[in-house]
Amino acid sequence: MPFWLIAITFAVFVFYTDDYMIAGVLPELAADLGISESTAGQLVSAYSLVLVIGAPLIAFASARRTRLGVFLGASVVFTLANLLAALVDSFWQLMILRVLAACAAAACLPTMFALAPTLAPPEKRSSYIGIVSSGIVGALAIGVPFGTLCASVFSWRGNFVAFACLSVLSMALLFGVREHLRSPGKSVSARTHLAALSSRPVLTVLLGNTILLGGALMMFTYFGPFAADFSNSSLRQRGLLFAVAGVAGLAGSVAGGIYVDKKGASAALRIGFGLFLSTMLVFAVLTAFAPIPMAVLVALTLVWSLSLYWNAPAMQTMLLDSAPDSATQVLALNSSSTYLGVTLGSIAGGVTLSLFSPFALPIAAAALSAVALVVIEGYARRATAAQRLGHDSAERTTS
């Protein structure tokens, strides 16, 4: 694995973990600042919202800047925002600093995802996308427990100091691969970017991604109460389940990228969607026999998480194929659609939970997954038809 890929993946890990780390220390943070836990939770929502809105806008604004300059400048802002967050004594001061940190992350993440296929050999393009995407899964599987551990030793303020230090390490790694980062992105007019980003193929893939993640995160957000009812699992056992989900997600992201390079994005997505949909249906059927043995729940969790993150490289490859000259911008929109799916999925899961029971979650997730599959299959058929038409036209021209 090239060192530049390690540096970028680590940076993605740091930026995403900085979003999630507060979730594990909400009670302590809220008590120290004299606010409710629900108010403290808005710090997470604000970071995510800035990524949804800011990533596409900042990607356009920084398109002609050198990648190294954008990365290092944003990392300095990110580091300072985290250091100062450890010193504040009011909620609104902390909120402002979280927004600044999120803006810094939004400036870097789309370009980092675009760099992987740009610098990769053609035969490893999707594999490299999968490796960079594993930084997101690592944020959930490793970063959040790490942040909670730091908070238990140094208080919640220690979290921010720790991630400021990780940001400095990330800057050092990025500077070490500066020869790959000195050039700006492709010089393409704003009109060309807008035409590509508003095209039907791009919007179709983004819609499918949003729907799929909405269903997946509906289940993930409320997996704790579901697992408790499904298998009478303890808090420690549920911690094991989330660890299994994280490891399986890492494996799925990397394996999915490798498969896309060998068989294509459409074939990979059919496998990923099929496994995800099947797992949700099995969950739904087995709820009638609850409580289910813990071993069965672990196995289903493994397949579910692997299938979800297996899809990420294929989705990004489809987007890049749809708008090859606007890689950074289209992946910025992909980040926005991802966070939009997460937000809508969490809301839909809460509504489902309040109206029915945790056992309704896999049914709702399966329904959304089926809709997403229909959307993506429609895109794949149109893309295949367009390729055949282009191939036939080329043959007629040469003959």
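Using N, Cα and C of the backbone, Cβ positions are placed for all residues, glycine too.
Annotated features in TrEMBL:
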DOMAIN    4-381  domain 'Major facilitator superfamily (MFS) profile'
TRANSMEM  43-61  transmembrane segment
TRANSMEM  68-88  transmembrane segment
TRANSMEM  94-116  transmembrane segment
TRANSMEM  128-154  transmembrane segment
TRANSMEM  160-181  transmembrane segment
TRANSMEM  202-228  transmembrane segment
TRANSMEM  240-260  transmembrane segment
TRANSMEM  267-286  transmembrane segment
TRANSMEM  292-310  transmembrane segment
TRANSMEM  331-353  transmembrane segment
TRANSMEM  359-380  transmembrane segment
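The stretch in 68-88, 128-154, 331-353, 359-380 that contributes the largest number of Cβ pairs under 8 Å to the transmembrane segment (267-286) is 359-380. If you look at the transmembrane segment (68-88) against the transmembrane segment (292-310), you find fewer than three C-beta pairs under 8 angstroms, all six or more positions apart, and that falls short of contact. Residues 1, 5, 8-14, 16-17, 19-25, 28, 112-113, 116-117, 119-120, 161-163, 242-243, 245-247, 249-250, 252-258, 260, 309, 312-313, 316-317 of the same chain, all 6+ positions outside the transmembrane segment (128-154), place their C-beta atoms under 8 angstroms from a C-beta of that stretch. Tertiary proximity for the transmembrane segment (331-353) is limited to same-chain residues at least six positions away from its ends with a CB under 8 Å from its CB atoms, namely 45, 48-49, 51-53, 55-56, 58-59, 106, 109-110, 113-114, 197, 202, 206-207, 209-222, 225, 315-316, 319-320, 360-361, 364. Here the transmembrane segment (202-228) has Cβ contacts under 8 Å with residues 196, 237-238, 241-242, 245, 273, 276, 280, 297, 304, 308, 311, 315, 318-319, 322-323, 330, 333-334, 337-338, 340-342, 344-346, 348-350, 352-353, 358-359, 361-362, 364-369, 371-373, 375-376, 378-379 of the same chain, all six or more residues outside its ends.
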